[in-house]
Amino acid sequence: MTISPQEDVIRCEGIWKIFGQKSQKAMEAIRCEGLSKKDIRERFDCVVGVQDATFSVRRGEIFCIMGLSGSGKSTLIRHINRLIEPTAGAVIIEGQNVNAMNPRDLRALRAQRIGMVFQNMALMPHRTVRENVAFALEVRGLPEDKRNAVAAQAIEAVDLTGWEKKYPDELSGGMQQRVGLARAIAADPTILLMDEPFSALDPLIRKQLQTKFMELSAELHKTTLFITHDLDEAIRIGDRIAIMKDGVLVQIGTPEQIVTEPADDYVAEFVGGISKLDLVTAARIMQPLAQYNQSHGAGDVTAWPVAGPGDKLNTLVDLAVGSEHPILIKADGAAVGVVTRRALLRGIQGREDQSQPQAEAV
Amino acid sequence: MDKTFDWLNPFASIDLGIGEWADGIKGWAMANRSVIQPLKGFFDGVIARIEGALQAVPPVIMLLLLVLIAWQAAGRRVAVLVFCCLVVLGLLDPMAWSLAMTTLAIVISSVLLCVMIGLPLGILAGKSDRFELGVRPVLDTMQTIPAFVYLVPVVMMIGIGNVSGVIVTIIFALPPLVRLTSLGIRSVNPSVVEAARAFGATPRQILFKVELPLATPTILAGLNQTIMLSLSMVVIASMISVKGLGNEVLRAMGRLDAGKAIVGGLGIVMLAIVLDRITQGLGRSGRQRGHRHWWQTGPVGLVAALLQKRN
């Protein structure tokens, strides 16, 4: 079997999780009668944690799930390695249904193919850094010298060489989470599950670890499911982002899609404060050349600065600062559109320029 | 039933005969003695061997051994305290040391059995709410029911002697170990257990590699309590012909000999302090010990360091 880059490694199909004694009955009631969450709480004393979550993560992709606390994102990620059983729906990993596995296969899956990092680190306080990192290998029964060698590599990858014999409580928070990261990658899994890994750290350390993680991720090409409550982090790290609210995946898309085409008011409110400079491309705010010529008349464009449709607003601002003219957008050598100063400013604001019909994305 | 039934005090005129019925237990116990005897013989042998070993060691060697154990387990200051207590114990009376060893043998036997019974029960109770719910009233009963109540049935069934002494001691001393083992298992950080699951550990591996190591300080606190309670039973156990320091106190009471009672009583106290400090030292967590392994501290650490220097 050849592995195409587009292959889905994780596929979640209609995951429902209802907490409570009568969760199965509540599930049936939702199916048959379409009850709301409030009805479910009143009639069955059950809480809906995750509501019909369907998504897939492609090989090598970093998929972020962003939501506030209580939105069900940590519950959702625990379905991937079946730490939580879904009330309905299925998780498929590389074509295998995780929910149909027997305990033995499930443990093998967890030990060999999935690494997980936790918000509260969850390191074992009675074990040294090395023993923590080698845990997944130890439960698989690898001999000690072999797992120490593998652990040494993982520890080196997170720049903790020399700390192998220390205990977790002798390390700072940032270092502890690096141990958590090393533990997750030690068994060389295909999938990384990151449950708000950097949320408990202070901003500077968080940024450092994000950078470290992105370096590692570029190097190791792990398929990653990344949970965060920080949209900036999601945009910085994620290839695609899913926004989660009250157990529902509200929108799934690339960072640019999320920021420029929010699916509803909730997402719009979220992305309102996000800087568009490094996200929005010229293609999104430009006016087609023909349309511009119609309103302004065809002029001499030779003096105009030139940018590509994929250039970000930041680049366009640099160009606009050095010239009086609008910016000409050229794709494959042919001029396709124009970004006026007005459109650029509106683009930075995140609003559409009202004076002209918005251009279709190329 | 009484003819004049008093509605205001109905209990005085109703007799269900529970006392007589329960006395039947005694008859049943006596009838079944033959089943118990081989078992009794086995345990008697074990206790006798432990006592024989303890008595065979010359007191000075034994004293040094206990001091070294205390140093290893709990540090230098406790070792000094243990040394003082043991010297006081020995000086109390020419026979005190030998009596203390007999008592120690009974305590060791009881505690060993308590661990063998209590640890699995505690783990079960820590894992299952249902089991915990069921076992709790039993533990309450064991701890609060006066020892004299079960003294007689046990003697009827097993006869007087060390084995009966050990059994009544277990009944009294077992509960804290079960309770604290359960508490220890329950208070292990659930996120650490979840992490172990997430990395593919089996339930068995989770128990032995995560839960038990993390619960150890609590379990050792339970063991400490169990040891203390079994020491406090030695006087009562001496009523069913268990020898040792407790017997001295009992005999002194019979003769109103306050001096002898004080000697026996102080001996028990000294033994208690020694055992308490040693087991408390065991229960300290790794961090409190400065993250050193046990073989890096105490006399063993000293010897190891000396050997290393020579190489």
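Glycine too: its Cβ is placed from the backbone N, Cα and C atoms.
Summarising the annotation, TrEMBL assigns domain 'ABC transmembrane type-1' to B:100-279.
Note on the transmembrane segment (B:52-71): residues 78-79, 81-83, 86-87, 90, 97-98, 101-102, 104-105, 274, 277-278, 281, 298-299 of its chain, located 6 or more positions outside it, place their CB under 8 angstroms from a CB of the stretch. The transmembrane segment annotation in TrEMBL covers B:52-71 (among others).
According to TrEMBL, the feature transmembrane segment maps to B:78-97 (among others). Using a Cβ-Cβ cut-off under 8 Å and counting only residues 6 or more beyond its ends in the same chain, the transmembrane segment (B:78-97) has close neighbours at 59, 63, 66-68, 70-71, 245, 263, 266-267, 270-271, 273-274, 277-278, 281.
The transmembrane segment annotation in TrEMBL covers B:103-126 (among others).
Marked as transmembrane segment by TrEMBL: B:147-174 (among others).
As annotated by TrEMBL, transmembrane segment applies to B:227-246 (among others).
What TrEMBL lists as transmembrane segment is B:258-275 (among others). Distant neighbours of the transmembrane segment (B:258-275): 66, 70, 81-82, 85-86, 88-89, 92-93, 96, 99-100, 103-104, 107, 227-228, 231-232, 234-235, 245-249, 251-252; these residues of the same chain sit at least 6 beyond its ends, with a Cβ under 8 Å from one of its Cβ atoms.
Through the fold, the transmembrane segment (B:103-126) approaches residues 43, 46-47, 50-51, 54, 132, 135, 162, 165-166, 169-170, 173-174, 177-186, 207, 211-212, 215, 219, 222-223, 226-227, 230-231, 233-234, 237, 242, 244-246, 267-268, 271, 275 of its own chain, all at least 6 residues removed from its boundaries and within a Cβ separation under 8 Å.
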